[in-house]
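Visitor: Just lifted these from TrEMBL, have a look:
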type	residues	note
TRANSMEM	20-39	transmembrane segment
TRANSMEM	51-68	transmembrane segment
SITE	D100	site 'Primary proton acceptor'
TRANSMEM	101-119	transmembrane segment
SITE	L108	site 'Primary proton donor'
SITE	E111	site 'Primary proton donor'
TRANSMEM	126-144	transmembrane segment
TRANSMEM	150-172	transmembrane segment
TRANSMEM	193-211	transmembrane segment
TRANSMEM	223-245	transmembrane segment
MOD_RES	K237	N6-(retinylidene)lysine
Amino acid sequence: MVNYLAYIPPSLSPTQFNLVYNALSLCIAAMIGAALFFFNAKSLVGDKYKPAILISGVVVSIAAYHYFRIFNSWDAAYTLKEGVYLTTGEVFNDAYRYADWILTVPLLLTEAVAVLALSKELAKPLLIKLVLASVLMIATGYPGEISDNVITRIVWGTISTIPFAYILYLLWIQLGKSLENQPEQVKTLITQMRLLLLLSWGVYPIAYLLPELGIFGSPAATVGIQIGYTIADILAKPIFGLLVYSIAKVKTQVDATEAGVGLPISSEN
């Protein structure tokens with residue numbers, strides 16, 4: 001049985017190898033830079049929103065570690081011989097992505113709720129539903145991801161889609177109901193945040209379906225999948241975190257204005 005998380009083409013051109021190599025390197029830098037920013041930026045927002053920014057920092061820190069492992073695994077899997085990159089016999093362990101997702105996706109959803117500073121009555125049940133659904137989505141997708149049996153992949157992919165659709169329902173319908181009292185600027189940012197999640201997460205099922213489309217395993221497809229996943233993770237983690245930070249900053253300013261104490265955060269900070 002072919003493990004699609006470990007399969008790589010026997011040879012790559014220097015351009016193909018370096019595209020993935022550089023994309024992974026860029027992602028590591030983006031995650032580390034974002035972690036440094038978030039851990040420092042939490043002092044720039046109100047106490048109610050600090051947990052969301054802290055979670056953002058934890059998410060990108062976890063992702064930086066896993067991308068470092070993916071980067072090293074990719075580098076070890078190939079060696080340059082006579083102008084062509086050939087496999088070395090070392091296993092390319094792309095399963096680090098699932099290890100990353102099982103940790104970071106629930107945290108991403110948690111930070112999305114945490115930044116709104118909803119009442120415990122609203123936040124707790126919403127968080128439980130989102131976290132459980134995200135774990136189910138990833139856990140049920142994994143058996144299909146590593147299988148080379150079409151039926152197995154379709155069955156597990158379909159099962160995994162159910163919690164994915166439920167998460168979208170929670171983010172758009174249930175979470176939407178709680179936004180009525182949010183400032184207009186915050187509503188706009190939250191809409192952008194939800195669309196960003198949809199855009200970035202939409203890459204994953206497309207990559208999952210590539211084997212069924214008969215285009216998996218070629219050098220171009222492998223490079224495309226690796227770069228696609230990497231771009232999606234940059235969007236879903238550091239860029240998403242920046243939107244969360246923007247929401248926290250706006251809400252901090254609104255809270256300060258309503259309390260009549262002025263703006264605690266200036267544009268120079």
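Quick reminder: no glycine exception, Cβ is built from N, Cα and C everywhere.
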Visitor: Taking residues 6+ outside the transmembrane segment (193-211), which of them lie with a CB under 8 Å of any CB in it?
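Guide: Beyond its ends, the transmembrane segment (193-211) has Cβ neighbours at 4, 108, 112, 141, 144-145, 148, 150, 153, 157, 161, 164, 168, 171-172, 175, 217, 221, 225, 228-229, 231-233, 235-236, 239-240, 243-244, 247.
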Visitor: Out of D100, E111, which has the highest number of nearby Cβ atoms, where nearby means within 10 Å of its Cβ, if these are the recorded sites?
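Guide: Its Cβ has the most other Cβ atoms within 10 Å: E111.
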Visitor: So if I exclude everything within five residues of the ends of the transmembrane segment (51-68), which remaining residues of that chain have a CB under 8 angstroms from its CBs? That is, six or more out.
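Guide: Residues packing against the transmembrane segment (51-68) from afar: 24, 27-28, 30-32, 34-35, 38-39, 41-42, 45, 96-97, 99-100, 103-104, 107-108, 110-111, 114-115, 230, 233, 237-238, 240-241, 244-245, 248.
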Visitor: Decide whether the stretches the transmembrane segment (20-39) and the transmembrane segment (150-172) have at least 3 CB pairs under 8 angstroms, with pairs required to be 6 or more apart in sequence.
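Guide: Contact between the transmembrane segment (20-39) and the transmembrane segment (150-172): absent.
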Visitor: Cβ under 8 Å to the transmembrane segment (223-245), counting only same-chain residues 6 or more beyond its ends: which ones?
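Guide: Counting only partners 6 or more residues beyond its ends, the transmembrane segment (223-245) has Cβ contacts under 8 Å with 12, 16, 19-20, 23-24, 26-27, 30-31, 33-34, 38, 41, 45, 52-53, 56-57, 59-60, 63, 67, 74, 94, 97, 100, 104, 108, 111-112, 115, 189, 192-193, 196-197, 199-201, 203-204, 206-207, 210.
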